[in-house]
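Peer 1: Can you read through this structure? Questions will come right after.
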């Protein structure tokens, strides 16, 4: 009971902190970075659902992020649709493309799956980069509108955008939490654990893998659409492989297959790299070795490390309690 | 005869792993498959449980042909299995490992998960109750909240049994259920297998430990180089020339 209360309190404090942040910190730049961090975290959650909980490492995630972003961009700029309708459609389009790609990609496993999806991701980049008549190629898409006001609420100020992102972010976390803790989540974990065993337990691995894949593309698409609506300018580089590997790094540092991992990893690295900006690309000299060490000593990232030590500590405590009781008796 | 195979054959390339095996599993009995290493026992299991499709031949379960069914469909019909290696999720508790075993009898989907519907809550409850029930049956109640990484090999085997039982099967296929456990523990597991048969389950197992098989099985099939060389009661098998030859490589030694 104490544990539950503590956990709940920590979450409440974090949410409260996020809500009051714009009042504590008047620096618009930080607000901008945090908003972006929320958006990236959503994408990382999608990746984590597939790679962390289902055991399929997709390297096309940046590509799907870009499909979401371009989906919103093209629907509003070229399609003339309203923001919110486009915002609704963009993740759905990403999902539909994800469904088709997933049908093929999931015929492969393990590193073959990673390689296949890496290629898919690069092809998505190439399509966006080269299909100039549709995407404007390297010139990028300019003039993506800001979210239209809903009733009296407008989304033109950075603070309003921050809150909008925060609300969607919290919703995503809630949904992911519920999925992971449901029978569907248990099914995904069973597949990650052993596909053969899952099959023999009567689980349709095909169906569930596809579900997880499509869900992951949905969150990538959602994050992409939010990014496009927030930055309001997008170029093909958002589909590039580096984005995929950035997302992957956030997930691994935070903790693959953990619920808090995407938040911890994304925020930590984004804030760190902001503070190390003066080092420019030499930042990688710090990140590279850190990442390597982390993978060697804690394959499940920072959150995994904490969870492991927490559970060890708990077992120890449990083991010692009976002894004490014996002494007393 | 709850399950029957008819001239089941499996070829991997030019390699014939299982050849023309016709076998029937008797309901409510302990059926054993024995044979030297590489005799095709595990492959035979994989064919029945749908992991591999057979090259030729048919499989019937309660009169229904299930030859081409995928593994998950076969599990739904009531055929559960364990593997030689227990592929359990080491970082989760025993209880959490077993809960998913009942998943195939539930219908909750993503929608139920996101909105935490009544159906999901109800089905989660059923899965948890089922897990408690099979953990109790397999004698694991006292370790149910321990991490799988921290329990013994024998207990892991029991967890694998529990998982199979959670699917509510009619037949359980156990692939070398006592591999890698010591003699005392083997005894314990044999008792558990007996208990499963007494409960009305049909058991079919692959084993190497002769002593255990002879006291446990009602019916034994012997495979050698993918072919059935003998079938019968333990008594018959013990005295079968072919079997002795296969195991001892010729000689006429019989103990």
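One-based numbering along the chain as shown.
Using the three backbone atoms N, Cα and C, a Cβ is placed for every residue, glycine included.
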Peer 1: Select from A:10-26, A:112-128 the stretch of residues annotated by TrEMBL as transmembrane segment.
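Peer 2: Feature transmembrane segment in TrEMBL: residues A:112-128.
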Peer 1: With pairs 6 or more apart in sequence, are the transmembrane segment (A:247-272) and the transmembrane segment (A:58-77) linked by at least 3 Cβ pairs under 8 Å?
Peer 2: yes
Peer 1: Which of A:83-105, A:112-128, A:162-180 has the most Cβ pairs closer than 8 Å to the transmembrane segment (A:210-235)?
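Peer 2: The stretch I would name here is A:83-105.
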Peer 1: Between the stretches A:32-51, A:58-77, A:83-105, A:284-310, which one has more Cβ pairs under 8 Å with the transmembrane segment (A:162-180) than any other?
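Peer 2: The stretch with the most close Cβ contacts to the transmembrane segment (A:162-180) is A:32-51.
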Peer 1: In the same chain, who gets a Cβ under 8 Å from the transmembrane segment (A:112-128) while lying at least 6 residues past its ends?
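Peer 2: That would be 56-64, 66-67, 70, 101, 104-106, 135, 137, 236, 239-241, 244.
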